[in-house]
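K.L.:
Shown below is the structure under consideration.
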Amino acid sequence: MSTLGELGEAGILARILPILSGAANTERTLIGPGDDAALLAVPSGSVVITTDTMIEGKDFLLRGDAPGRSPLGSTGEEIGHKLAVQNLADIAAMGAEPTALVLSLSAPATTPLALIEGIARGLAARSARAGAVVIGGDLGGADMISLTVTALGELVPGLGGRAIRRDGARVGDVVAVGTPQLGRSAAGLALLLGGHDPAELGDVQRGAEGALEFHRAPEVDLEAGHRLAAALGHDLHAMIDVSDGLLRDAGRLADASGVRIHLDADGLATMAEALRPLADSLGQDPSAWVLGSGEEHAMLICLPPSALQAARDVLRDAGRDLTVVGRVLPAGEEGPRATAAGVNEQGADGSALGWDHFE
Ligand SMILES: Nc1ncnc2c1ncn2[C@@H]1O[C@H](COP(=O)(O)OP(=O)(O)OP(=O)(O)O)[C@@H](O)[C@H]1O
Ligand SMILES: Cc1ncc(C[n+]2csc(CCOP(=O)(O)O)c2C)c(N)n1
Ligand SMILES: [Mg+2]
């Protein structure tokens, strides 16, 4: 089993570049990996850019028995898949389609090449599904694996060069998410960090496996972002991906838009009920998972009620659906914020819900 230290930079690149840029000969890639920088054509005239990092121990645990690892941890493919999803979701949430990615990869010299090849495969495969290719990157040494992707994209035609922002929510809008189920990533994280092997959880084994799988490699309808933008145009008032928890990310939308977003729809209760058996077995609150789960990456949107059916139809054509989770209200005396039924309506603290790297 060769390690990065045995191969050296040139040897590593010789192994991972064919994986990363196997499909890089798209029309847009004028210069791919191999030169000082890549050259990308941007036919629409503007480029959407985002970046996101995953650090071993902070954002994922490697699968294994060694200290700092977990038998429930991630494979290389899963890490690469999640790295793609995190970045592609931010492109999607602007109403854009991804075109290209660059990968900055730092790791200890003792890292097996097979793990890095797996990460490359996961990243390239999920990106390819979204129509994007890896066009470059960087290698470095580090005490733990650190992965930073920068993703580029272009706005969908028909929006007149307009991106879907966080600040367009209007009083009276419906708030919805592009998934039937939120909360699985938090459930999976609880299982991972608690060391709960699904095989030992009896009746809830299947649910636990699904939550762990979703946490390690979220399967998310990212196309919803640009499909909704293209179909609804100006009726898609605001959009964000749920990366730090529904309540927290709805709060960001509310804040940017100067409104209150109240989360109270039946859809949320249905999501919580689906997770209740698993939550009960861990002594946790399924509603807190639904409202607080980060790393979900589903699209959270605000749109006028008159556009809801059209939005549903767009997603249903692709076998997906939209779940209504709340509505947009005037900011009121307490100012712009997101509230959830029973959580922080009377100003009670809902801040424990959701993710912040430094809290
Ligand atoms: N270190 C930084 N330097 C410059 N801008 C930053 C930095 N960190 C965050 N930002 C910017 O702050 C804004 C808000 O970041 P935030 O993390 O809330 O959104 P996000 O990128 O959608 O998050 P997520 O990755 O969780 O989806 C983004 O526009 C982001 O580009
Ligand atoms: C080992 C381990 N510990 C904790 C977590 C949880 N976690 C990390 S980042 C994040 C939110 C999104 O971050 P960002 O805003 O950077 O996209 C969450 C919920 C994890 N995945 N793995
Ligand atoms: Mg985001």
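Cβ atoms here come from the backbone N, Cα and C positions, even for glycine.
A TrEMBL annotation is a machine prediction, not a hand-curated record.
Computed from a predicted structure; not experimentally measured.
From TrEMBL, for reference:
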- ASP36, ASP90, ASP241: Mg(2+) 3 binding site (BINDING)
- THR51, ASP52, ASP138: Mg(2+) 1 binding site (BINDING)
- 171-334: domain 'PurM-like C-terminal' (DOMAIN)
- 334-359: region 'Disordered' (REGION)
K.L.:
Which binding-site residues from the set THR51, ASP52, ASP138 come within 10 angstroms of ASP90 (Mg(2+) 3 binding site), judged by C-alpha positions?
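P.N.:
Of everything listed, what lies within 10 Å of ASP90 (Mg(2+) 3 binding site) (Cα to Cα) is THR51, ASP52.
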K.L.:
Sorry to bug you, but what's the C-alpha spacing from ASP36 (Mg(2+) 3 binding site) to ASP138 (Mg(2+) 1 binding site), rounded to the closest Å?
P.N.:
10
K.L.:
Filter the candidate list ASP36, THR51, ASP52, ASP138 of binding-site residues, keeping only entries whose CB is under 6 Å from an atom of ligand 1.
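P.N.:
Correct list: ASP52.
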K.L.:
List the other residues in this chain whose Cβ sits within 8 Å of the Cβ centroid of the Mg(2+) 1 site residues THR51, ASP52, ASP138, in sequence order.
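P.N.:
So the additional residues around the site are THR53, ASN87, VAL102, LEU103, SER104, LEU147, THR148, VAL149, THR150.
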K.L.:
Select, from ASP52, ASP90, ASP138, ASP241, each of the binding-site residues with a Cβ positioned under 6 A from at least one atom of ligand 3; if none does, say none.
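P.N.:
Near the molecule: ASP90, ASP241.
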K.L.:
According to DSSP, which of helix, strand or coil covers ASP90 (Mg(2+) 3 binding site)?
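P.N.:
ASP90 (Mg(2+) 3 binding site) sits in a helix per DSSP.
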K.L.:
Which whole number is the mean pLDDT over the domain 'PurM-like C-terminal' (171-334)?
P.N.:
96
